[in-house]
Structures are given as structure tokens and as C-alpha cells.
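Chemist: Quick one: the structure is below, and I'll ask about it shortly.
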Amino acid sequence: MASKFLLLALLAITSSIAFASDPSSLQDFCVADAKNSVLVNGLVCKDPKLAEANDFFFSGLHLSGNTSNAVGSRVTPVNVAQIAGLNALGISIARIDYAPWGINPPHTHPRASEILTVLEGSLKVGFVTSNPENRLITKVLEKGDVFVFPVGLVHFQQNVGYGNAVAIAALSSQNPGVITIANAVFGSKPDISADILAKAFQVEKNTVYNFQSKF
């Protein structure tokens, strides 16, 4: 009898794991209804009979982003917020522009892996593996090169050329999310306690206050 209960428990566990991923779409498309206030994991579909070409369209990735900022880069996202027809399809893209020596600072995408293609310039890219190894995997990319950042891992890009650089990133989520490490740690609202950050980074509290003032 005990073995039967064990078998049933194992079946229950494996079944819950099997059904834990996002379900496949059960229809041709699910255009997001931005006017619907119902909260779901994703966005509510509008009547497919009302779908039109503009629900699946975005124009503007040919335009350079303004990189006149502290980090020298600009990300132009194209996710479900820009194309309602991406809802439930599990994909999105972004254009990234880099000023000379500009960076896309260390960040993570909690819901997506990323594949980056360099269109112009030279980029130093890398990601860091999880604890306890924390190994940096990095490479310099040239025009036409492609690099993958696994889901959830901290990664970055730096323009290592003297001219502007451009890349296109494809992501495995309609809404990949982004957590920029410096902004999250030193720019949270309210602030993370300086005592905690000073101990975590092994610095003086005044150093923490200085960093927080910048974010």
C-alpha cells in the first residue's frame, strides 16, 4: 500500500512539473486588448474578428536611438506594448544603439533568453554564470556576429570601437522584463538600507550614499 501512495505522489509531482510551463496557443493569435482592465498572466485577447494589420506592425527600427545619456546607449524595444499581436506568441525584439565606448550596463531579463546580432561596429559582450562559480564568459563581436545570453543571467555589451554601433536583440518572451543591476540596487524606491549595501559590497556607507545619489 505504501508503494502505491509513493507512486501516486510521484505522479502528482511530475504532472505538476509537466504543466508548469506556458501553454501553447489554442488559436491563430491573441491580439492584446489594451482597453481591457482584467488582470491575467499576459494580456486579454480582443475579438479576433476585429484584428487588423496594424495589430501586427511596428515601424521605426531603422531610426537611430538617442545615445546622449550617462551610459551612452539606447534600447528601442518592440514587445507586446508596441505590437499587440505579439501577445501569447512568446517573442520580441529590440534595437540597441551605442555611442563610441557606450555600454548597455549589466542587467538581466527575468523571463527571456536573448540572441544578439551585431549590425554595425564592434561590441564586447559577456554574461556571468550563477553562484557559486560566477564565471565571466565574454567575447568581442564584429558586424554579423551573433551571441546568446541565457535567461536570467547578468549580461552586458560595450561598444569597443571609435564609431557608433548597432545591434538587434531577439528575446524569447512577449514581455522579457529588464532589471538593470545598478538601478535596482542603488535606485530602489525606497532605498535599500546603506548598512545592508555597505556590508554586501564591502565598502563604507558614505560610498553607498554617493552611489544612491546618482540613481
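The backbone N, Cα and C atoms fix where each Cβ goes, glycine too.
Pasting the relevant annotations from TrEMBL:
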type	residues	note
SIGNAL	1-20	signal peptide
DISULFID	C30-C45	disulfide bond
DOMAIN	59-209	domain 'Cupin type-1'
BINDING	N104, H109, E114	oxalate binding site
BINDING	H107, H109, E114, H155	Mn(2+) binding site
Chemist: Taking only the residues in the domain 'Cupin type-1' (59-209), give me the average pLDDT of this model.
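Modeler: 97, rounded to a whole number.
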Chemist: By a simple count of other Cβ atoms within 10 Å, which of C30, C45, the disulfide-bonded residues in the record, is least packed?
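Modeler: The disulfide-bonded residues C30, C45 were compared, and C45 has the fewest Cβ atoms within 10 Å.
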Chemist: Could you work out which of the binding-site residues (H107, H155) has its C-beta surrounded by the smallest number of other C-beta atoms within 10 A?
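Modeler: Among the binding-site residues H107, H155, the sparsest Cβ neighbourhood within 10 Å belongs to H107.
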Chemist: Would you mind listing, in sequence order, the residues at least six apart from N104 (oxalate binding site) in the same chain with a Cβ closer than 8 Å to its Cβ?
Modeler: V71, S73, V75, I96, Y98, F156, Q157, Q158
Chemist: Compile a sequence-ordered list of residues in the same chain as H109 (oxalate binding site), six or more apart from it, whose Cβ lies below 8 A from its Cβ; state 'none' when nothing qualifies.
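Modeler: Residues satisfying the criterion: F149, V151, G152, L171, S173, P176, G177, V178, I179.
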Chemist: Only counting partners 6 or more residues apart, tell me which same-chain residues put their Cβ under 8 Å from the Cβ of E114 (oxalate binding site).
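Modeler: Counting only residues 6 or more apart in sequence, the Cβ neighbours of E114 (oxalate binding site) under 8 Å are V148, F149, H155, A169, A170, L171, S172, P176.
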Chemist: Name them in sequence order: residues not among N104, H109, E114 whose Cβ is within 8 Å of the mean position of the Cβ atoms defining the oxalate site.
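Modeler: Result: A94, H107, T108, A112, L116, F149, H155, A169, L171, P176, V178.
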Chemist: Taking the Cα atoms as reference points, how far is C30 (disulfide bond) from H107 (Mn(2+) binding site) in Å?
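Modeler: About 30 Å separate the Cα atoms of these two residues.
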Chemist: Can you give me the residues near the recorded Mn(2+) site, meaning same chain, not H107, H109, E114, H155 themselves, Cβ no more than 8 Å from the center of the site's Cβ atoms?
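Modeler: Here the non-site neighbours turn out to be T108, A112, F127, F149, L153, V154, P176, V178.
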